[in-house]
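What TrEMBL records for this protein:
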- 12-33: transmembrane segment (TRANSMEM)
- 39-60: transmembrane segment (TRANSMEM)
- 127-146: transmembrane segment (TRANSMEM)
- 158-180: transmembrane segment (TRANSMEM)
- 200-219: transmembrane segment (TRANSMEM)
- 231-254: transmembrane segment (TRANSMEM)
- 281-306: transmembrane segment (TRANSMEM)
- 327-347: transmembrane segment (TRANSMEM)
- 353-374: transmembrane segment (TRANSMEM)
- 394-411: transmembrane segment (TRANSMEM)
- 417-434: transmembrane segment (TRANSMEM)
- 454-473: transmembrane segment (TRANSMEM)
Amino acid sequence: MEQQQTKLSLIGLIAIVVGGIIGGGIFNIAKILAHQASLGAIIISWIISGIGILAIALTFKTLISVRPDLSNGIYSYTRSGFGEYAGFNIAWGYWMGNAIGNAVLAIMLNDAFGLFFPLLLKHSWPTLIFCSIFTWLFTFIVARGMKLAATINTLSTILKFSSLLLIIFLLFSFADYSLMDFDFWGKESHLGPLSDQINSTMLTTLFFFMGIEGAMVVSSRALRQADVGKATVIGYIICLFLNVIICILSFGFMPQSQLAQLNDPSLAQILGKGVGEWARIFVNVSVIIAVAGAWLVGTIIAAELPAQAARDRVLPAWFAKTNRYKAPIASLLITSAFIQLFFFLVIKAPHFYLLSIDISGILILPTYIFSAMFMVKSGLHKEIYQDKNILRQIAIIIGTTAVLYCLWVIYAGNIHLLLLSSGVYIIGILFYEITHWNDRKAGIPIFKITDRYVIGLLAAALFFSLLIEWKFLDFK
């Protein structure tokens, strides 16, 4: 009975997905996309991204159904399909990306409070103190066990969802819909060809759905495994509705050129102008709730995944240690210590924060790609749906769609960031060596020939990315 009480219900899993996806970004969504594209291009981008992200969600839903034996971690699909080292890289990269993402959320929460306490906006020692307090507060909450953390997250998600519904009602009620026709394709604003506008938004729209895999990461704690897939798809539908509606309705308050120039959070200024000062304050408070909730989910995931990976001998064994509340205390403390280091770097090098926003998303992308590739491979080899040819073909199509979408996002986004992220995987080699130290002592090879080629490619990618970065910095 006690073990069941620490398990996550369908509602809890949906809260993990929605709480992880909906952070502070949704309150800037119109401004960010308007900076790159017209309303017409943005709508097309949402249609494409909606299909691509749905393919990712359905990939996870299918895999949890047809391969329940691989429910211990999101890395397990890659490990099963492409080998130990590939599985390690997915676990390592995902953990690092999530940890960096949590640090970014901490700065976002700092800036949200900075709307009321301007001293925090300087990103100096008050920011360090503020972010450190919240980091260790969330660490304490998660360390007290999954039940407490999940309960708080569910409550924050309900508050977040309720506030967003009110915001949508205000946008719908006060929007001037005639403004949406103004420069619909961005010709008067000289935004460039439609294809370029769409490409410029692809990476951004995907980033607004980072966390779609949240239920998969904590699947070992689900009350019913079937709920994991349901939560992923339901969470996707909820978040797609919120993101698209808020984004499009914002164009009913001011044209693209003005939206692109707003300060953060842009939604507060939009409603402040169209509704009143109370709406601006309401949005600012909603930002705090949303970012804090997303950070709590990120803390849960960043602690849970390395602990699962350590139990599977994918990461070093010390990550698996738990406390008396069955919380993964070792991985939790290691992650929090890493985030604490990040705060020092942000204060010393402010541009490091801006770079980290994109790097955190790039590190999570391979998880989507390799999971989808595993489903395609399993379908082609008839390892899933052996007696159901139509379902197998559908699974192959879904997986292929997810892979192509992610590759397009990388192409349309920033390949340089992908090259730069290779440094994270190079550092990870040391941890892979530690994990398999006993195998190496026993004379068992821990790297295959293909693994060595991958390491060579990672090293080359890092070298070229550093050359580009050095040139970009333009030291004098």
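Glycine is treated like the rest: Cβ placed from N, Cα and C.
Tertiary proximity for the transmembrane segment (281-306) is limited to same-chain residues at least six positions away from its ends with a CB under 8 Å from its CB atoms, namely 16, 19-24, 26-27, 73-75, 91, 94-95, 98-99, 101-102, 105-106, 108-109, 112-113, 115-116, 134, 138-139, 141-142, 146, 149-150, 152-153, 156-157, 159-160, 163-164, 166-167, 211, 214, 217-218, 221, 265, 267-268, 271-272, 315, 319, 327-328, 331-332, 334-336. Counting C-beta pairs under 8 angstroms (sequence separation of 6 or more), the transmembrane segment (200-219) reaches the transmembrane segment (231-254) with 3 or more such pairs.
Within the same chain, residues 55-56, 59-60, 63, 74-75, 77-78, 80-82, 86, 89-90, 93-94, 96-98, 100-101, 103-104, 107, 123, 203, 206-207, 210, 213, 342, 346, 398-400, 402-403, 406-407, 409-410, 414, 417-418, 420-421, 424 sit at least 6 positions outside the transmembrane segment (353-374) and bring their C-beta atoms closer than 8 Å to a C-beta of that stretch. Here the listed stretches are 39-60, 127-146, 231-254, 327-347, and the one with the most C-beta pairs under 8 angstroms to the transmembrane segment (158-180) is 231-254. Remote same-chain partners of the transmembrane segment (417-434), defined as residues 6 or more beyond its termini with a Cβ less than 8 Å from a stretch Cβ, comprise 85, 88-89, 92-93, 96, 315-316, 358-359, 362-363, 365, 410, 440, 446, 455, 458-459, 461-462, 464-466, 468-469.
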